[in-house]
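Undergrad: My questions will all concern the structure given below.
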Amino acid sequence: MLALGFAVVAGAVAGVVAAPNPTEPSGASVFNIGSQCTIKWDVDATGSWKDMSIQLMTGDNWNMIPITTIAQGIDATDATKNTYSYTCPEVTPTSTIYFYQFSSPSDPKNLLWTTRWTLASADGQTTPPTESTQPNGDKIPWGKGALVDPSTAVPPPAYLSGNNQAGGSTNATSSAPVTTVTSITGGTPPATTAPGASSNPLVVTSTVSPSTRSTSSSERAATTGTASASAAANNQTASVNGALTNGVSGITLVGAFVAALGLF
């Protein structure tokens with residue numbers, strides 16, 4: 001049974017490693033409001049992520065809150081365009097509570113995240129995260145951020161409506177869990193971790209509940225940044241390759257099995 005469990009886990013992980021794994025920002029990254037925020041990822045070798053969107057997110061690991069859509073229409077299969085830069089938005093609070101979510105209409109349930117990173121004020125000032133513990137008890141700091149001007153928010157792509165993420169978000173309110181999923185990740189969902197921390201793949205079965213979102217004032221696509229070729233990806237950061245898929249009995253049992261072994 002043990003051998004079978006690990007065989008299924010290995011097969012499941014192998015199925016997602018070719019996706020456009022986010023590599024930057026890392027947990028040590030600090031970007032000032034008004035400066036250039038940069039995002040990097042490994043190219044998608046599956047050939048399916050030709051229309052990738054990137055969202056700025058906040059919240060805890062089970063109640064992720066979309067703040068605004070940063071970019072849409074990125075061809076993540078193009079190795080010459082695996083970097084995206086845009087002007088860092090004005091947010092509140094300035095803290096290590098922000099992360100990015102990658103998605104594609106080709107597989108809208110397969111969501112990828114970076115680790116949490118810091119958005120600082122224009123002069124570099126920050127405040128500690130308001131929360132120190134995740135809902136499940138993990139000692140991972142987090143908080144709820146928002147745009148200073150919510151009217152500038154770009155809503156999530158329409159194909160994410162099934163994930164309860166359509167409609168835009170800038171203000172966080174709680175909501176009941178909406179779906180049980182099996183999350184195959186390169187460590188944990190977005191965390192605050194030290195640079196160079198290891199991120200061994202594991203399978204986690206959990207309930208994900210994006211928070212209720214405020215209404216958005218715009219349906220326009222995000223076009224404020226530019227995609228370009230990047231330098232070599234820095235894989236020594238604590239970035240996360242988190243793929244969410246609908247839970248099926250076999251994989252869910254493996255998730256529970258791994259959990260029972262205390263592997264996460």
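Along the chain as shown, the residues are counted starting at 1.
Even glycines carry a Cβ here, placed using N, Cα and C.
In TrEMBL, annotation is done automatically, which means it is predicted and not curated.
Model, not experiment: these values are computed from the prediction.
Copied straight from TrEMBL:
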{"type": "COMPBIAS", "residues": "122-136", "note": "compositional bias 'Polar residues'"}
{"type": "COMPBIAS", "residues": "169-233", "note": "compositional bias 'Low complexity'"}
{"type": "DOMAIN", "residues": "25-118", "note": "domain 'Yeast cell wall synthesis Kre9/Knh1-like N-terminal'"}
{"type": "REGION", "residues": "122-233", "note": "region 'Disordered'"}
{"type": "SIGNAL", "residues": "1-18", "note": "signal peptide"}
Undergrad: What counts of helix, strand and coil residues does DSSP assign across the domain 'Yeast cell wall synthesis Kre9/Knh1-like N-terminal' (25-118)?
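TA: Helix, strand and coil residues of the domain 'Yeast cell wall synthesis Kre9/Knh1-like N-terminal' (25-118) number 0 helix, 45 strand, 49 coil.
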Undergrad: Where does the mean pLDDT land for the domain 'Yeast cell wall synthesis Kre9/Knh1-like N-terminal' (25-118)?
TA: 97
Undergrad: Pull the DSSP breakdown for the compositional bias 'Polar residues' (122-136) and write it out as helix, strand, coil residue counts.
TA: 0 helix, 1 strand, 14 coil
